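Annotation source TrEMBL lists DNA-binding region at 72-132. What TrEMBL lists as compositional bias 'Acidic residues' is 348-358. As annotated by TrEMBL, domain 'Homeobox' applies to 70-131. Here TrEMBL flags 342-386 as region 'Disordered'. TrEMBL lists 42-59, 143-163, 183-201, 264-287, 307-327 with the feature transmembrane segment.
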Amino acid sequence: MLTWLRELSDWVWQDRLWFPAGLGWADLKDRDGLVFAKGSDLWVIFPIAVCFLIVRQIFERTVAVQLASLLRVREKPRVRAASNTTLELYFCNASKFPSQSSVEELTQQSGCSVRQVQRWFRRRRNQERPSQIKKFREASWRFTFYLLAFIAGLGALIDKPWFYDMEEMWNGFPTLPLLPSQYWYYMIELGFYISLLFSVATDVKRKDFKEQIVHHVATILLISFSWLVNYIRAGTLIMLVHDASDYLLESAKMFNYAEWRKTCNYIFILFAAVFILTRLVILPFWIIHTTWVYPLTIYPPFFGFYFFNGLLFVLQCLHIFWAGLILRMAIKFLPGNDIVEDERSDREETDSEEEEEDHEKMKNGFVQNGNGHTVLNNNHHHSKMD
C-alpha cells in the first residue's frame, strides 16, 4: 500500500506536469542565501486558522458588541410560536414550508385553523433566523479582516515592479525568491479562508451558500497551488484584487443592520463600482490575460498552466454570478429605495405579509373560508373599505 501511494505521489508531482520543459522542483531548493516557497510551509495555516477562530470569538463578544451598541443596532421584535407538539414535530421532521395539502392535514391534527397553522410556521421559521446582532457581529469581523488584509497587501506590493507591469510576474519563473512579506500575506490569507470553512456551519447562511463554499474551496486551492509552484507574484495580485472590495460590502452590511439608510446606500454604490472594476475588469483583462496569454510567449503549455488558469476561470464565473446579484440590487436602488437589501439574505417574514396577501386576494375577488377553501368574494366594494 505504501509503495502504491509513493508511486502515485511521484506521478502526481512529476516535473513535466507542473513546470515548463527543463524546469522542476529541484530549481526551487534554497541556495546562495535565496529562499523559495515549500509545500511544508502550508502546514502552518491550520494553527493560524485555529487562532483566527479564537480571535473571532473574542472580537465578536467584545469589540463587535460595543460597536453594535455605538451604532445602535436593534433587534427586531419577534413573536414566538406557541407551543404545539403536532406542528413542532412536522417542522423538525418533515418540512419548514408545508404545502397547502399538508397545512389542511395539520389543521385537523392540531385543531387550529389554516391561518393559525400558517402563522405558526412563519413565526417558527423566524425563530431560527439569525438575529441582527449576530449578522452585525459577523459582518464587522469580516470587515476588520478584509480591510487590514487589503492595507497590508497594498503595502507589500506597492513598491514591487509586477504591481505596475504584469509581465514582471513571470520574469525569472519559476526561480523567484520568496520575500518575508509574501510569506505572511499568503499564510494569513490561507488561514483566514480555512477558518471560514471551519465556521461555515454556524455562520449566517445565505441563498448563495453553495456558491460561497465553491468560492472558498477554489480560493484555497488556487492560493495553495500558486504557493507550491511559485506563482506567488500572481497570487498576491489576485488576493489584493479580491480584498479591494470585500471590506466595502461588509461595512455596507454593518450600516444596513444599524439602519443607517443613506450611509449604507452610498457605501453599496462604492462597493458595486469597485467590485465591477476589480473583479470584472482588472482581474480578467489584466491579471488573467497575463497568466493565460503571456506565459505562452515564453514556454510551451503544460498541465500546471491549464490547472492554474482553470481555477481562475472558476472564480471569474462566480464573480459574474455575484455581479448579477449586485446589479439587481443596484436597479432596486435607482428609483430611490430607502435601503439596499442583500439579495442573498433570507428575509424575515412578518405577520403583516399575511394581511397584505389577504388584501390582494380580496381585491382580486377571492378569499379563503375558515377551512382554507377558496370562495368567490362578491363584495368588492366592502372589501376595499375594510
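Just so you know, glycine gets a Cβ as well, placed from its N, Cα and C.
Automatic, uncurated: that is what TrEMBL annotation is.
Confidence over the domain 'Homeobox' (70-131), given as mean pLDDT on the 0 to 100 scale, stands at 80. Here the transmembrane segment (42-59) has Cβ contacts under 8 Å with residues 140-141, 144, 187-188, 190-192, 194-195, 198-199, 224, 227-228 of the same chain, all six or more residues outside its ends. Distant neighbours of the transmembrane segment (183-201): 37, 41-42, 44-46, 48-53, 56, 145, 149, 152-153, 156, 212-213, 216-217, 219-220, 223-224, 227, 232, 235-236, 239; these residues of the same chain sit at least 6 beyond its ends, with a Cβ under 8 Å from one of its Cβ atoms.
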